[in-house]
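These come from Swiss-Prot:
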ACT_SITE  E12  active site, proton acceptor
ACT_SITE  D198  active site, proton donor
BINDING   G78, I153, M174, E175  substrate binding site
Amino acid sequence: MKIGIIGAMEPEVAHLIAAMTNASSQTIAGIEFIAGTLAGKDVVVTRSGIGKVAASIATTLLIEKYAPDAVINTGSAGGFVDSLSIGDIVISSEVRHHDVDVTAFGYEIGQMAQQPAAFIPAPYLVEAANKAIKQLGEVKAIEGLICTGDSFICDPVRTKTMLEHFPTMAACEMEGAAIAQVCHQFGMPFVVIRSLSDNANNDSPVDFDSYIVKAGYHSALMVMLLLEQLDPNSVK
């Protein structure tokens, strides 16, 4: 079993890379891919860069060059659930674009033309993540809708509009739906796991800078615990 792991920023992948053994590195199109062993599984970890285009490029290269059995997107997010605090975790129940609008042609808000409205993670990856939750100690984790767009959300007006469009949204970030869309195109199982670095409000820029390392660590810890739970025979 080989798992591809994608984070956008250095703090989101640093703990994973530090924990790897037998690591080797290759750079393709300016993106570094580090192959090795993590939590008893063969993995390839990459830092994609921020945003949907960067994430799409990295995901495509990862799948084409390394042929993983599944892809995990890890990192930080802005939170929309009152019961969660900074550092807590959202496991994707579904992933959607929040900044896509082709409703003039009969699509749902957030649905890209000729694509599903929501991208659904592989049940066996979500199941493994839920088993891993029990080992997180005081860190809370829930399943929920994660939305993606090419903007850092810190405007209450925009937050209000997003919640009107996606009332069940638990978190927002800048790469997950792009990664999910590429995985959908390739028939690749995926899951998105995000730790909250801020609450998508006026304080978000300050909170993000203060808590990105904490969020990156918690998300990385969740990924490692998930890997431990994965049964190689469960890939499907």
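One-based numbering along the chain as shown.
For all residues, glycine too, the Cβ spot is worked out from N, Cα and C.
Annotated features taken from Swiss-Prot, shown on the structure.
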residue	record	DSSP (3 states)
E12	active site, proton acceptor	helix
G78	substrate binding site	strand
I153	substrate binding site	coil
M174	substrate binding site	coil
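G78 (substrate binding site) is surrounded by 24 other CB atoms, counting those within 10 A of its CB over all protein chains shown. Within the set G78, I153, M174, E175 that the record links to substrate, no two Cα atoms are more than 13 Å apart, and one pair reaches that distance.
I153 (substrate binding site) sits 19 Å from the residue listed as 'active site, proton acceptor', counting Cα to Cα. The Cβ of M174 (substrate binding site) lies under 8 Å from the Cβ of A8, I50, G51, K52, A55, T148, G149, D150, S151, F152, each on the same chain and at least six residues away in sequence. Take the mean position of the Cβ atoms of G78, I153, M174, E175, the recorded substrate site; other residues of that chain with a Cβ within 8 Å of it are A77, T148, G149, S151, F152, C172, E173. Between the CA atoms of E175 (substrate binding site) and E12 (active site, proton acceptor) there is a gap of 12 Å, rounded to the nearest whole number. Cβ contacts within 10 Å of E175 (substrate binding site), excluding its own Cβ and spanning all protein chains shown: 31. A simple way to gauge crowding: the CB of I153 (substrate binding site) has 23 other CB atoms within 10 angstroms, across all the protein chains here.
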